[in-house]
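Since the structure comes first, as structure tokens, the remarks are kept for the end.
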Amino acid sequence: MGWFNKIFKGSNQRLRVGNNKHNHNVYYDNYPTASHDDEPSAADTDADNDEPHHTQEPSTSEDNTSNDQENEDIDRAIALSLLEENQEQTSISGKYSMPVDEDEQLARALQESMVVGNSPRHKSGSTYDNGNAYGAGDLYGNGHMYGGGNVYANGDIYYPRPITFQMDFRICAGCNMEIGHGRFLNCLNSLWHPECFRCYGCSQPISEYEFSTSGNYPFHKACYRERYHPKCDVCSHFIPTNHAGLIEYRAHPFWVQKYCPSHEHDATPRCCSCERMEPRNTRYVELNDGRKLCLECLDSAVMDTMQCQPLYLQIQNFYEGLNMKVEQEVPLLLVERQALNEAREGEKNGHYHMPETRGLCLSEEQTVSTVRKRSKHGTGKWAGNITEPYKLTRQCEVTAILILFGLPRLLTGSILAHEMMHAWMRLKGFRTLSQDVEEGICQVMAHKWLDAELAAGSTNSNAASSSSSSQGLKKGPRSQYERKLGEFFKHQIESDASPVYGDGFRAGRLAVHKYGLRKTLEHIQMTGRFPV
């Protein structure tokens, strides 16, 4: 059947298609539509005579020569008849068939005559194969007349052997119906009616030369891009490809916020608390020191010194619950960024600080400017704070704890728990420690407080150890975002890559897990190192 395949494939129209992962080939195949109105051929005219049909018995050996000559004449007549019939079908099929040259037509006719001429001969009305009578007027395949039941030469009837082509039994993968004559698609290892090959996204037929796939589902390229091509969470545009043709984007390691690399250099603001970038359709609140705060973080932000006092009392109770009560009264002040930086410069004990300082435990006498009262914020901008000077006097080893204003409650609390540990160790007479040990154990305490807060929030208890209330500090169960924010602050502590805060925390956490907090602190006080 290779020769037939060559003829049929000669009329294929190939459309090469593909997506960003694979190229898919679609074939539009055109086959002649069967004609039921073919005019009779010369052999048909002979068969329509009024003379009665005579059935001849098989010839003897003496008649072989004459019979061979007659058979050759018959074969030639059949070939011419099939050639004329093929030309009639080609003209009727119109747009569904591709023109072929005369040599190809003659080759097709000769091939068919060879098949017909070599078919077995039977007497009129005899049965063939499964008891089906093949004779004048019999239908063959798809209800089309095959050979027209014509009688050739001396009344002998030629019953053609059924020739089954796989293409006659094509099943559409879309509707599971048979694909008859005409145009069809071959793609995704299946055959389709053109109207059945549809986009999985919009359910409309795919008629373009290229398409995309996800799994075994086809998509228009535009539909695939809309569904699967990543969009920037900042500008809401499709993330562009780089010079190598690959989609390149940035993503926050915790929030998985995807954004174009260009936003890292185009002054797109970040929230100073959660570090998420500001989307184009969202307005962050700008504090008077230039920091930006997203609306979710603003919802629980601690804005002035008075508002922070209940939280301070709660953390004091947290330490007392660990048998680590801070005996002296240490002032807590919320300050702006400039005041915090100035106080850090005035501190002489040489503590290590991060580039963005958000808390400070002071041991020197100085005057700082504290946020006494918060101001209402206008549209997208903080109106300002009412500040007043505060004179720090040295009554003990610790003069004050300073915290940056405008941070969410959980972040403010974790910073306060960190600075409280500095104060506790100084008041307990700990020796001067290496930076990684001191900052590491302070980070352990901040992490422990966050753990306790999130656990208390899961039992619908907010600040379980504090009965005080304050404007802006809400009671009741935490919102889903606030719990997520608390997990983010824990993640920041755990994933810190700095050798002082990050490595120090991991070493201190391991020691506390192995020996307990009390024994770890005793070992630090005696040796200045974490127990191993």
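Quick reminder: no glycine exception, Cβ is built from N, Cα and C everywhere.
According to Swiss-Prot, the features are:
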type	residues	note
COMPBIAS	57-68	compositional bias 'Polar residues'
CROSSLNK	Lys95	ubiquitin cross-link
CROSSLNK	Lys221	ubiquitin cross-link
CROSSLNK	Lys348	ubiquitin cross-link
CROSSLNK	Lys376	ubiquitin cross-link
CROSSLNK	Lys381	ubiquitin cross-link
CROSSLNK	Lys391	ubiquitin cross-link
CROSSLNK	Lys474	ubiquitin cross-link
CROSSLNK	Lys475	ubiquitin cross-link
CROSSLNK	Lys519	ubiquitin cross-link
DOMAIN	69-88	domain 'UIM 1'
DOMAIN	101-120	domain 'UIM 2'
DOMAIN	170-230	domain 'LIM zinc-binding'
REGION	26-71	region 'Disordered'
(message) Between Lys221 (ubiquitin cross-link) and Lys519 (ubiquitin cross-link), how many Å separate their Cα atoms?
(response) 64
(request) Give me the non-local Cβ neighbours of Lys519 (ubiquitin cross-link): same chain, 6+ apart in sequence, Cβ-Cβ under 8 Å, ordered along the sequence. (result) Pro531
(request) Would you count the other CB atoms within 10 A of the CB of Lys221 (ubiquitin cross-link), including those on all shown protein chains? (result) 18
(message) Let's see if you can do this one: DSSP helix, strand and coil counts over the domain 'LIM zinc-binding' (170-230), in that order.
(response) 8 helix, 20 strand, 33 coil
(request) In three-state terms from DSSP, label Lys519 (ubiquitin cross-link) for me. (result) helix
